[in-house]
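Asks: Sharing a structure below in C-alpha cells format, with a few things to ask.
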Amino acid sequence: MPERFTVTTPIYYVNDVPHIGHAYNEVATDVLARWHRMRGDDTWMLTGTDEHGQKIMRTAAANGVSPQEWTDRLVETAWKPQLELLNIANDDFIRTTDERHKVGVRIFLERLKEAGYIYHGEFEGQYCVGCEEYKTANDLVPGTGEYEGQLVCAIHSRPIEIVREANYFFKLSEFGDRLLALYDERPDFVQPEHVRNEVRQFVKQGLNDLSISRNTFDWGIKVPWDETHVVYVWFDALLNYITANGYGVDEERFERRWPGVHIVGKDIARFHAVIWPAMQMAAGLPISEHVFGHGWLLVGGEKMSKSKATGIEPRQITEVFGVDAFRYYFSSAIAFGSDGSFSWEDLDARYHSELANGLGNLASRVIAMVHKYCDGVVPDVAADAELQALMADAVGRADSAIDTFAIHDAVDAAMAIVERLNGYITEQQPWVLAKDESQRERLGAVLATNVHGIGTAAILLAPVMPETAQKLWAAVGGEGEVSAQQIRRAHEWRGTGRVTTVPPLFPRIEQA
Ligand SMILES: [Zn+2]
C-alpha cells in the first residue's frame, strides 16, 4: 500500500492580486506534493479560490458585473494563470462557487445541526468588512488621517462597522478542552513550534461561539434550513478541503483523500488549527494531519501587501530569472516556517553563485569532459566510495527533511552534492589525468562519479526545479522522466551510459 499524502494550499481570496506571497505558498506546497509523488505516495494537491462575501459583492457591483461574472474573470485571468506560470502541478482546483462545494457545505451544516452544534442567537459586534470577521478590542487601533478619532481594524486601517445580527452560531466554545487535548496528543499537529504555542495560548484563554451565517447580504451559500441566511465566508472556505475530496457524496474518494495536510501562512493558522479541527470534531470527521504555518515574506522589512509598494508579481521575477530559479530561490533562501526577507540583490547573488556557477557550470564542464575524453560514453566503473556515501547521505537527509516540512534543508542536501562535486573536480583535476595514459582508469572513475552525482542531484532537485532537473537528467543519460524516479533511491539510478548535451541552464543576467 502506498502512503497517502493529501496536501492543500489555502484557497486564495479571489479579490487579491496574486503576489509573491501567494506564490511562495503555492511553490512550497507543490514541492511537497512533487516530492511525495516521487516517493510513490498516493498524492493529491488541492488549491483553489475563496469567492463569497460582502466585499466581493461590493467590488463586483463597483465593476458593473454580477459577483459570479466577477469571480469567473479573476479566476481565469489571475489565479489559474499564476499556477501555470509557476509550473504548479496541482491535482485539483476548487472554487467556493463550484456546485460540488455548495452541496458539500449544505450536507455538513445539516449534520452539524442534527448533532446539536448549531443554534440561533443574537449578536452585536464590531465587524471589519476587509477581514470578513468580527473584531475584539485587541484587534482595533486608533485611526489616523481621515479616520482620526475612530477605532480602525489593525490590518486594514479602516473603520469597523457595528453590526447587529440574529445569526446561526457554531458552539465553538465547547471544543476548547478537546482542542487542547489534540495539541497535546499530537504535538506535530500544528507546526512549527512557535505557531503551535500561539494557537495553544489562544485556545487556553477560552473560545467564544462562532457566528456562522449572515443575513445582510446574499452572496454566499444559503443556509439549508433558512434561506434568508448565507454561510459565513470562513466557515464556507474551510470546508473546501473536504468538499473537493468527495465529502458527503463519494465516501470512497473521501476515505482515500482525507485527512490532509494544510500549508498556510501563519496569519491564518488560527483558523486552520482552532476553528477547522473543531468543525471536524463536531461532524465526527478524521482531523487534518498537520497545519503548517509558514512565515511571511518581507520586503524592505514589511509584510508583502498588494496595497503597499511591497507587492511584487511573480512575473517580474520569472521574466528575468526564469521559473525554476524562482522556485529554487523561495524553496532555499528562507527557512520554511520563519519569516524571510526578499531582496533582488539576494536573489541575483544566489542565482549566480548557486545556480549558474554552482550547478550549471558543473553540468556543462562534466558533460564536456565526458565528450572530450570518452566520446560521450560514461566509463562503466563504480563511483568513488566517498562520494557515493555522500550522495546516499544527502538523499536520506533530504527525504527526512521533507517529513518535517524543512524544504530548505532538502534543497541544501541536494546542493551539498553539487558543491562537493565542484570541489572534487578541483582536487582530482581530470584534465591532468587525461594527459597520462596510465591514469585512464582513474579518469574514468572521476568522470563516472561526477555523472552519477549530477543524476542524483537532478532527481533530488526535480520537485523544486522540474524543467531544469529534466534537462540535467537527459544530459547525463537518464532515461524517461526524472519525475518518474524513486526519490528515496536517487543515488542508485542507472542511465544509458551516454551523456548527451546540456543546454545553457542559467544564463548570466546583466544588471539593468
Ligand atoms: Zn480588517
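Every residue, even glycine, has its Cβ placed from backbone N, Cα and C.
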Asks: Motif ''KMSKS' region' per TrEMBL sits at which of 68-72, 303-307, 488-492?
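Replies: It is 303-307 that TrEMBL annotates as motif ''KMSKS' region'.
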Asks: Have a look at 12-22, 111-121, 177-187 and point to the one annotated motif ''HIGH' region' in TrEMBL.
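Replies: Residues 12-22 are the ones TrEMBL records as motif ''HIGH' region'.
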Asks: For His156 (Zn(2+) binding site), what is the secondary structure state per DSSP, taken as helix, strand or coil?
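Replies: For His156 (Zn(2+) binding site) - judged by DSSP and reduced to three states - the answer is coil.
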Asks: Using a Cβ cut-off of under 8 Å, list the residues of the same chain at least 6 residues beyond the motif ''HIGH' region' (12-22) that approach it.
Replies: 47-51, 55-56, 59, 71, 74-75, 78-79, 82, 265, 296-297, 303-304, 306, 311-314, 317, 330, 342
Asks: Please report the three-state DSSP label of Cys128 (Zn(2+) binding site).
Replies: strand
Asks: Near Cys153 (Zn(2+) binding site), how many other Cβ atoms are within 10 Å of its Cβ?
Replies: 21
Asks: What is the three-state DSSP composition of the domain 'Methionyl-tRNA synthetase anticodon-binding' (383-510), stated as helix, strand and coil residue counts?
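Replies: Helix (H, G, I), strand (E, B), coil: 89 helix, 1 strand, 38 coil.
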Asks: Can you check which residues sit near Cys131 (Zn(2+) binding site), meaning Cβ under 8 Å from its Cβ, same chain, 6 or more apart in sequence, and list them in order?
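Replies: In sequence order, the residues whose Cβ lies under 8 Å from that of Cys131 (Zn(2+) binding site) (at least 6 apart) are Cys153, Ile155, His156.
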Asks: In sequence order, which residues at least six apart in the same chain have a CB under 8 Å from the CB of Cys128 (Zn(2+) binding site)?
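Replies: Result: Lys135, Asp139, Cys153, Ile155, His156, Arg158, Ile160, Glu161.
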